[in-house]
Amino acid sequence: MNRPLRRLSLVVAFLFFALFASTTWIQFISAGRLNAMPGNSRQLYAEFGRERGAILVQGGAAVATSEGVQDPYEFQRTYPAGPLYAPVTGYYSLRYGTAGIERAENDVLSGSADELFYRNLSSLLTGEKPQGADVTLTLQPRVQQAAWDALDGRKGAVVALDPETGDVLAMVSSPSYDPNTLASHDGAVQEQAWDRLTGDEDDPLVNRATSALYPPGSTFKIVTAAAALESGDYTADTALKGPQELDLPQTSNTLKNDEGTACGPNDQVSLADALRISCNTAFGDLGLTLGADALQEQAAKFGFGQSLSIPTSVATSRYPTGDAVAGPLLAYSAIGQGSDVATPLQVAMISAAVANDGVVMKPNLVARVSEAGGSGSVIEQPSPQELGRAVSTGTARTLQQMMELVVSSGTGTRAQIDGATVGGKTGTAQHGVGLPPYAWFTSFAERGDKKVAVAVVIEDGGSTESAYGGRLSAPVAKTVMEAALDG
Amino acid sequence: MATVLPVYPTTRRNVELALVVLAVVIAGGAWAVTGLTVDGSLPPNLFAYAGGLGGLAVVLHLLLRWRARHADPLLLPVATLLNGIGLVMIHRLDLALDSSAASRQFTWSALGIVMAGAVLVLVRDHRVLRRYTWTAAVAGLVLLLLPLVPGLGRTVNGARIWIGVGPLSFQPGELAKICLAVFFAGYLVVHRDALSLTGRKVLFLQLPRARDLGPILLAWVASIGILVLQRDLGTSLLFFGLFVAVLYVSTERVSWIVLGLLMFSAAAVFAATTMGHVQARVDIWLHPFTAENRTGSSYQLVQGLFGMANGGLTGTGLGEGRPQTVPYANSDFIYSSLGEELGLVGLFAVLVLYVVLVERGLRTAIGVRDGFGKLLAAGLAFSVTLQVFVVVGGVTRVIPLTGLTMPFLAAGGSSLVSNWIVVALLLRVSDLARRPAAEVRNGPDGETGVTQAVRIA
């Protein structure tokens, strides 16, 4: 009976071999895949159980913190300022994941970033729990608050940039939401909040400043003017055709001015004046003369068509190509209508580039990543990055003067600030027949060594009166610029 | 039957004692680590538990010195260590779940070790058990059928394999396993020649005579009966596998294995296609990660897999994982609980302990001179293998998940007691296997262990 016993031993060996193999398969070969599977609560627990770094704003106030609590998740994420910073910070939800900075900077906030590996190695040996790093934003609380207050609950967005560094000084989107509800450890609270927010027609979860694409309207005339000046064939004084109605090629349609009048005597208007009074026919004709390629190229130099992460993701603004700018449509696209779309951030970048003598800085929300726990030692500090040059210094200077005229004696007088140089451009964007237009204002201001560029969009442009952008959005921009210059 | 001369001239009892102490030190250390991690202090009952387990094991060791001094020196330390590891993990889950399974498990461990001692004292020579071949058969069947008795049996999670008296519950199938091993060994050692020498040869297979097919058919029907009446795949597989293995060892006929596998496959296919709960098990096995299964029927399996993946190579460390997420983490899924906190390294160590246990059992079977002892030791060792395979194979998706307990590790008294009895029987047989030839007395039936009368049925 020993021979079959030895064979039986082989069967036993085979059975155990299968178990060694299957165990190895699970714990070694496919462990990574299993860990990454949806519904693997252990990874969530592990992440939630780690002390996540705080999100701070300039001046040191925290807008997202983790506090120790007595439940299985160990730490509760809280947002002291609620909806004010929600579009930027995003949320950190057990059930619905992350958004905003919480998502973009998750690996440093959670402490799993490679840069933190060696720092965490020592805590592994000492048995301390690894801790996430703090992320300090470029946002200035005064400017942010001013923008939020000035928008006053209206649907829209405000972006304020430092033209020289690209730092985002304020980023407000309204309506907003309270991220605390989504971060709740109570599943029912989370679910209710999520259902309510995703069911809301006003899309409070969308950061309008970077994720919403609007027709830029007349603010795009800065780009068209830039293309004209850059071509070398135009100066601020060059006379343009500014009739009451512009005949469009290949069609019986005409492009009209808002006020239904000609832009100047003899249907002539200078480039500077055309921008000052936002003359549609002059810019439409200018666009037709310059051609789609020149406008496309100029728009691209300002940042259109470029995907950005700041480090949150930004929707790509687009100047149309092909059929969308054929024939009469080219005239529409030259005044920011037609198929042009831009984010408020992109519109702010136009003013910022003009104010910065033509250089486009990459917008950025993160000032630094630093070790948590008070030591404050800096792990990462992004330096200002150039995206490129939009226009020559000379052209930029000319555009600055033209935009200053808009504020001093044009459609944007409501943005005037005592003792400061302010330039701007209004915009009233149609986005459908019978719908209230979007009211835009993009501007820059300078006083002493302080510079700021601001874009404001208010979705509900009210009635069909003229100069909506100047009336609705310019005062908001003014308040925000004042806050930035005072700060 | 070949005669093997004893190869171990010394008893190695001191090695056994040293290993038992080592096993208790390892388990006690793990217990201390758990307390330090979870509560930040040494567990107050550390010395009571470690001392208790160690004390009992040492008493059993002393008993071996007295009553079975040639017994295999590895069996007791391995069983002690496995039992200790199980206690640590059950205690660790108690801390997470606010339950008190560890103290019950400790009581059952003590009872198991006492029972093992009793078996060693009462069964002076394993060949005595041959007299109880048919008694064991009846006892095994009665134990198996007990859960079907109305009022006594209890259905837990769909399987009717428990009996309950007041607050106590017991899985009689665990003890039935031992009875059936005794019966198979006793029956087959008598009938082996009839089963192996007769019958027609078809192709390369020597088919048994129709009348000899009776026992295998009976075992098969009994296994199917368990599957149908008690809805217990694991026990069904265990009994049939045990029977076929012992049948093969006694007859040395591959045809039995082929027949057995065919019959079992037929039953399995039939069950998998017609019986709802078996179908469900198969579906869970094949598609555990579908969105529907993951949160429903395969939740337990998937959580176990997530736990093991979380443990990775070296584990999270005792007290640092979340094994309590898995339903029945301290019984059905103690393997994945250990995997999460001790890692692949820890599970390999645990599997190696079982390999050693089974290997010593099979070595005993090869070493012992009498056929009954060979079959008994082989049957018991193989039953441990099958049980580990069914449990671990289920947890790691080698086979569909069934409900058997992990020997010595899983929370559960009936399993613990019966496995300690298995170890006691292996110790008893190994004592004879390793005893120098000069000391071997004639067996109770007048066997010398070298020749024996064979009755042809």
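Cβ atoms are placed via backbone N, Cα and C, with glycine included.
These features come from TrEMBL:
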type	residues	note
TRANSMEM	B:15-34	transmembrane segment
TRANSMEM	B:46-63	transmembrane segment
TRANSMEM	B:75-93	transmembrane segment
TRANSMEM	B:105-123	transmembrane segment
TRANSMEM	B:132-153	transmembrane segment
TRANSMEM	B:173-190	transmembrane segment
TRANSMEM	B:210-227	transmembrane segment
TRANSMEM	B:233-249	transmembrane segment
TRANSMEM	B:256-278	transmembrane segment
TRANSMEM	B:342-362	transmembrane segment
TRANSMEM	B:374-396	transmembrane segment
TRANSMEM	B:408-427	transmembrane segment
Suppose I define contact as three or more CB-CB distances under 8 A, residues 6 or more apart in sequence; do the transmembrane segment (B:132-153) and the transmembrane segment (B:105-123) meet it? no
Please work out which recorded stretch in B:75-93, B:105-123, B:173-190 has the most C-beta pairs separated by under 8 angstroms from the transmembrane segment (B:374-396)? B:173-190
Do the transmembrane segment (B:408-427) and the transmembrane segment (B:256-278) share at least 3 Cβ pairs under 8 Å, sequence separation 6 or more? no
Between the transmembrane segment (B:342-362) and the transmembrane segment (B:105-123), are there at least three Cβ pairs closer than 8 Å, leaving out pairs fewer than 6 positions apart? no
Is it true that the transmembrane segment (B:105-123) and the transmembrane segment (B:256-278) have 3 or more Cβ pairs under 8 Å, skipping pairs fewer than 6 apart in sequence? no
Candidate ranges B:15-34, B:75-93, B:173-190, B:233-249, B:256-278 - greatest C-beta contact count to the transmembrane segment (B:46-63) (under 8 angstroms): B:15-34
